[in-house]
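Straight from TrEMBL, the features:
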| type | residues | note |
| --- | --- | --- |
| DOMAIN | 226-364 | domain 'Cupin type-1' |
| BINDING | His267, His269, Glu273, His312 | Mn(2+) 1 binding site |
| DOMAIN | 403-544 | domain 'Cupin type-1' |
| BINDING | His448, His450, Glu455, His494 | Mn(2+) 2 binding site |
| ACT_SITE | Glu508 | active site, proton donor |
Amino acid sequence: MSEPGLGSSRLVQSFPPLHDLCDQTFAEMPQLNFHWSNPDITGEWTGLGNIWLKLEVDLRAPVQAYANALQLEIRTGRMFKSLLVAGLLPTIFAAPAPQMNYGENSGPVGGVTAPVPTVTAPSGSLYGPESLLGEVAQPSPVSGGDSSFVSDYPLVNGQEADSDLGLYLDFNSVENPQPIRGEGGQTDPGPRTYAYEKLNPDLFAPPGTDSGDVPQLQWPLALSHNRLGSGKQSGWARQQNTDNLPIATAFAGVDMRLAPHAYRELHWHTANEWSLMLKGSVRLAAMNENGESFIDDISAGDVWFFPAGVPHSIQALGEGCEFLLVFDDGSFSEDGTSLISELFERNPKEVLSKNFQTPVSAFDNLPDGQLYIFNGTPAPANISAQNQTGTAGILPPDGSYTYHWSQQQPYETPGGSVKILDSTTFPIAPMFAVALVTVQPGAMREMHWHLDSDEWNYFLQGSARITVFSAPQSSRTFDYTAGDIGYIPATDAHYIENTGTEDVIFLEVLKQPKFTDISVAQWLAIMPKQVVQDTLHLPDETLAGLPKEKTYLKPGNKNLTALAANPNGTGAYEPSN
């Protein structure tokens with residue numbers, strides 16, 4: 001007998017009784033033998049489920065295909081291939097052995113099902129012979145081996161529509177999406193990870209209007225390394241900077257979690273720090289260069305800002321917290337923060353004694369290494385108990401490091417709402433202009449661009465897509481979900497469209513004193529009608545409907561593939577939707 005390289009296999013379909021199976025199926029095939037790993041199997045063989053078997057076949061012997069009821073799941077390496085024996089066994093035995101087999105990573109642990117060890121000692125060679133070089137070796141078979149043919153792949157709604165319509169394709173409705181749009185593309189036989197393609201349909205099957213080369217403008221924080229705090233389950237932090245999103249030179253972001261009563265160690269930064277509370281509540285304490293003190297409690301939806309170099313502390317209150325930090329330096333690293341524990345550890349104790357006018361023994365219990373994020377004792381409920389004030393007093397109100405943004409009512413408009421926070425109402429942060437935007441299903445943040453600043457986005461909820469136009473003729477469409485970061489260079493035109501069934505909520509962060517943008521619709525409405533019409537050949541009724549005031553949002557049809565059935569229709573909002 002010779003091993004055909006099939007490894008271990010698992011019986012996945014019920015059988016007739018064993019004696020019937022042998023009589024009817026294998027009586028004329030003496031070279032085909034089954035060796036079961038479980039010697040206790042007896043009686044009727046129905047629904048064997050997880051019974052493992054080893055298949056040994058003498059490939060030199062003729063094999064007849066009589067196994068009409070048998071279905072095997074055959075493992076090759078770490079991947080799987082389902083094989084219906086009826087009609088396929090002759091082919092598999094007659095054809096050359098496949099070189100490689102691919103499939104989706106669908107196992108229970110990390111997408112991989114661990115193989116059953118079959119080799120107990122090394123054998124073979126790491127390298128093949130020189131006789132396999134091209135024009136020396138026998139040609140590889142051009143058919144009968146691994147085929148690139150993909151069968152049984154359904155297309156989703158809108159996938160066959162004109163690619164220039166650029167309809168959003170929801171690949172979550174199919175098991176194996178394919179990179180086909182309109183008449184373009186072709187199937188993908190693998191290897192693949194379906195989850196990535198379902199999350200990024202506009203990269204996998206891009207609209208026909210995408211063109212040229214655009215830098216990567218998306219980073220999921222789920223792919224960032226998580227730095228865990230010290231102590232037992234005290235918290236964690238993960239970040240995005242130019243290491244993982246090179247285009248984002250103006251901003252870096254950190255997502256941080258603190259357990260109840262845990263601290264972000266006393267520290268300061270080389271960059272300005274703007275933060276939005278995502279969950280829970282914290283107590284902040286700081287002092288500026290004048291010795292003025294500051295302390296405040298803030299909750300989800302509120303904002304703080306600490307200028308570069310201002311030392312501060314952050315302590316989670318009773319329910320813990322999570323917050324987003326935005327720094328105005330794309331190369332900033334959270335790991336480069338200046339920590340009080342490191343400051344004490346990196347100076348001679350003689351110097352510490354002299355500086356703090358206390359015996360050297362006072363420093364015998366300093367922490368060994370960074371504390372970073374660590375568990376603490378509960379803060380007193382009365383914040384005034386922690387308000388330590390020197391002769392300089394407290395920070396004046398117009399210099400407050402916090403803004404209770406959660407209490408600001410949004411600007412409501414068809415399609416959603418907008419809240420803006422910039423130096424107009426938060427003067428301590430003169431170069432942070434931020435909008436919190438809520439876009440309803442079917443609606444979009446209108447086409448626009450920013451004159452003087454790159455745009456940094458963080459998606460708090462929902463799913464969206466952005467097409468970025470980079471002059472003179474490049475554009476690319478990216479998809480985003482909660483926890484993703486987007487980045488758009490200054491003057492690059494773009495929109496943000498809700499592609500889900502719930503509101504999409506995101507931040508637009510700019511490095512400028514006031515939040516401003518150029519609205520494409522408003523611009524065309526204010527330009528001379530003749531100029532616009534001679535350039536774009538738009539109908540009179542379209543030009544007449546352009547708004548002369550900025551709208552920020554545009555309502556739309558919740559059915560994102562409605563135009564597939566009516567290409568000459570409209571994607572605009574209709575009351576019946």
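Backbone N, Cα and C atoms are what each Cβ position is placed from, and that goes for glycine too.
On the structure: features taken from TrEMBL.
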| residue | record | Cβ neighbours (10 Å) |
| --- | --- | --- |
| His267 | Mn(2+) 1 binding site | 20 |
| His269 | Mn(2+) 1 binding site | 21 |
| Glu273 | Mn(2+) 1 binding site | 23 |
| His312 | Mn(2+) 1 binding site | 20 |
| His448 | Mn(2+) 2 binding site | 21 |
| His450 | Mn(2+) 2 binding site | 23 |
| Glu455 | Mn(2+) 2 binding site | 27 |
| His494 | Mn(2+) 2 binding site | 23 |
| Glu508 | active site, proton donor | 23 |
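If you compare Cα positions, His312 (Mn(2+) 1 binding site) sits closest to Glu455 out of the binding-site residues His448, His450, Glu455, His494. A coil conformation is recorded for His269 (Mn(2+) 1 binding site) in the three-state DSSP classification, outside any helix or strand. Listed in chain order, the extra residues whose Cβ falls within 8 Å of the Cβ center of the Mn(2+) 1 site residues His267, His269, Glu273, His312 are Trp268, Phe306, Val310, Pro311, Thr337. The shortest Cα-Cα distance between His448 (Mn(2+) 2 binding site) and any of the recorded positions His267, Glu273, Glu508 is the one to Glu508. Close to the recorded Mn(2+) 2 site, the chain also has Trp449, Ile488, Asp492, Ala493, Glu508, Asp517: residues not among His448, His450, Glu455, His494 whose Cβ is within 8 Å of the site's Cβ mean position. Residue counts for the domain 'Cupin type-1' (226-364) by DSSP state, with H, G and I taken as helix and E and B as strand, are 21 helix, 66 strand, 52 coil.
Counting in whole angstrom, His494 (Mn(2+) 2 binding site) lies 12 from the residue listed as 'active site, proton donor' by their C-alpha atoms.
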